[in-house]
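**Q** OK, TrEMBL features for this one:
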type     : residues : note
TRANSMEM : 12-32    : transmembrane segment
DOMAIN   : 32-139   : domain 'F5/8 type C'
DOMAIN   : 145-300  : domain 'Laminin G'
DOMAIN   : 306-485  : domain 'Laminin G'
DOMAIN   : 487-524  : domain 'EGF-like'
DOMAIN   : 523-575  : domain 'Fibrinogen C-terminal'
DOMAIN   : 734-899  : domain 'Laminin G'
DISULFID : 872-899  : disulfide bond
DOMAIN   : 900-938  : domain 'EGF-like'
DOMAIN   : 956-1117 : domain 'Laminin G'
């Protein structure tokens, strides 16, 4: 190691900016080069005074093959207790040179203030040696310092004089450093008993509001007890406060004004400023506004403890140590801090007993073990949760066979044991781990290596001088960082979003996303859909759903009801009173105010309204001698408030236009008194009503009602404000069609520095093309279809280009919708295509992670206008924000708004012969030809029949009877009958026998379906007897749900029965008075060829050729959910049973189907 101090000169540049140039050293041809090139070399420079360093530049050694390719940069105020500089939170090393002559300069993102500078070579030219010329850039740094003693009462108090000018913005700033992890740094007292405090707690800085019991407003920083300077700033403007710690800031809202008072802090402060007042300087000059209490001095004493970092599992420290058997006493002490739950702390052999002692961490507890000849003789444990990153002390004492292990001076736990084995050391003791394979083995470690920091190591109460270890004058070590603690808090600030809980080890952090509603490595992506429309197109039916309107954005998910029973999907948000409510007057109160509370938060409500295509809310007022709005010229008696909280006054009523001071009847011109614009304004003694829908989204939701004319004698009124109902999702169907490879849309730069999630749908017939691209100076992000079966997500955040690819087993250029989800955060990048497994790629643990882009965002193309995408892109969302492709496409040549053709992708959602119908934005299922109803034609249409209930469907002509069948329709005048039937239905009954279905003409009954076992009776020729097909086995009148499907084509009949075991034989059966049997039970989803008679009777009785006799009650009795819960234990499903063929011939003229 070569160590140089004060080998530099200072050149004055413009505006007090300085360049510090380290002189070429008299070694070789110019520059620094140690005699031995290994990992233990370093160059240290004493700048003579504390300096604000803003940049560092390096060169190789002149005229040689010696240069560094990477290095660490460290700073110190004292030449001890070094701190590694990191460009980003995890980026520790600096790239060096690629030759001996070029200069590589690095501007420091945050200037470093230090007197001493250290460069530690990591890698160098493999064909040469370590070689270095270095320059730093910066300017002098001056400060006023004050130190507070450890008595707990030392403080500097500042009381502004009464004449001090009050400013709209108050600012307090300071730097502090300390080795204590707790203590009050600043205390600010305000009016009415309020106060604010800045307190260190376990190395974090807390902002507390006090009025009685303290309440935490913010927590910033971590590991602030590292004896390095940390910057703190408080800025207050009105009720807003910005708290900054180092480079992190948090915005807080506070209720008090305050003055400032500092106390109870052990450590040093510098540059303590209140506005432009230097409070330390005022204290030095004994300004009357300041006072000092306790042990306060105007210099900063530096502690002399030296820490050592074990950065790798292979790190170890070996120290010589031997103890005397005759003394019978041995003691070991040290302090450590780590994030890991496990790791070897120290070990030594017991050579005389052929034993070994291990002191290690396991499950964040201290464990002590003695082994002899491979057998565990003793084990004791102490402490808990010791992987919290705080300093913990460990003391082990062996005195004449009595063993004691204490943690944190007994505060963290103590354990005792007695050993019959004398504990003594003959040669060495190891800390952190053992030497690797191939080295002389004097150390055995069955545990993980320790990763963390240690300090104040004592052996038999003698402090180990770690500086002599660093100088290779004592002991041995490998992969250690001596005279510094390199611990970093990867959870401060936390990269876990949306309330995810951050935990960490020495090398990585993890996010627990449980119960947050988000997933992913950083809890960035919502697990919920953004709208009811999206849930619908996943095949869901009506119900309560959580929706997240902005996806990965800051708005929380909310629970809403999605009504999917209509063609339009309605999102419904209730409030605290949506019932018709009578207005009750109170003596002396002229107006009644009613407020409505919604379960959703304000930003959730407004986002739902903004995202929906249409929203509405019913506003109804029933009245008798209670006027509503008076006249257009007069002041209204009543009004309501709507829109963003707390709402704006509205003087129109539901069904009218905003600002009209009218009701719906005034707009339509049909009020009960045409001289008024509301029915209630007629002031009649009969009950009347004004009601309608508020549809102007800017005035929704309705927040309050103020009702004025309710105090007169005889006045009566009732009001109703319905729930907020919204339909349509402007984002879900927002699409653009790119008809040329050179066409594209451009948007402002995408800002996804730490987290980026991109999702969209595409469909195309092209085999390749770029969906999205955004460039920076070196960074970029791109998603493309690289082939007909591959999607690639590529990016560069400074660690070199990376790609994540997903392959599809089916072509992607099939003109069907495919969904892409690409995500990138500080831990990983991932890509998912449709429902295929997610492909992930881990980010480097100590690499760059800020994505820095500056160009426009290109959609459907690239900046070079090459490899553009040809096809449709829909519902493009970046970090939860939807890009309005349609609006931008309207003004962009080569791109068209919208994209039809949704049935090719979503048509399969239409069930049971439902037909997919295209819409401009989406599709809907036409269920007119289906026996089912509902948005996807999957809702059973069922009814309860009484014995006297029947439904008759009258076929107007033979053509109707066989429409949509597989046979050609006969002529009306033809004597040839239709060639078959296709009948399906479900039933549940306990009646036996019972008549399910009867088909007849004016001349005869030709098809009868009976429940006894199961009987299908055909009489297709009046000159012949009826042909009966009968099932064997048990009765189907068992109260369970059975589904029946009968198909006949000419002389071939097939029957399928679900949930029953049956067989049929041909026989002759004569039943008299079939119609008198009737049917009592449930019938569901009845279909006869193209006709659904039960659906027609229940849903369209007025415009269908049906005749209903007796009571008919619609029910859900035909759904599987309402079936006998024990049925599954006793039944099984059969299909394709063998049925006897019936040879028939017949003639049909006019027909009636009777249920």
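Cβ atoms here come from the backbone N, Cα and C positions, even for glycine.
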**Q** What stretch, picked from 32-139, 145-300, 306-485, 734-899, has the most CB pairs under 8 A with the domain 'Fibrinogen C-terminal' (523-575)?
**A** 734-899
**Q** Note down the number of other Cβ atoms within 10 Å of the Cβ of residue 872 (disulfide bond), including every protein chain shown.
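**A** Step by step: centre on the Cβ of residue 872 (disulfide bond), count other Cβ atoms within 10 Å, giving 23.
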**Q** Around residue 899 (disulfide bond), which residues of its chain at least 6 apart sit with Cβ under 8 Å of its Cβ?
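**A** Listed in sequence order, they are 735, 736, 737, 763, 872, 874.
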**Q** How do the residues of the domain 'F5/8 type C' (32-139) split into helix, strand and coil according to DSSP?
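**A** Its residues fall into 0 helix, 61 strand, 47 coil.
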**Q** Per DSSP, what is the residue tally for the domain 'Fibrinogen C-terminal' (523-575) in helix, strand and coil?
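**A** The composition, in the requested order, is 5 helix, 17 strand, 31 coil.
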**Q** Could you give me the DSSP helix, strand and coil counts for the domain 'EGF-like' (900-938)?
**A** 7 helix, 11 strand, 21 coil
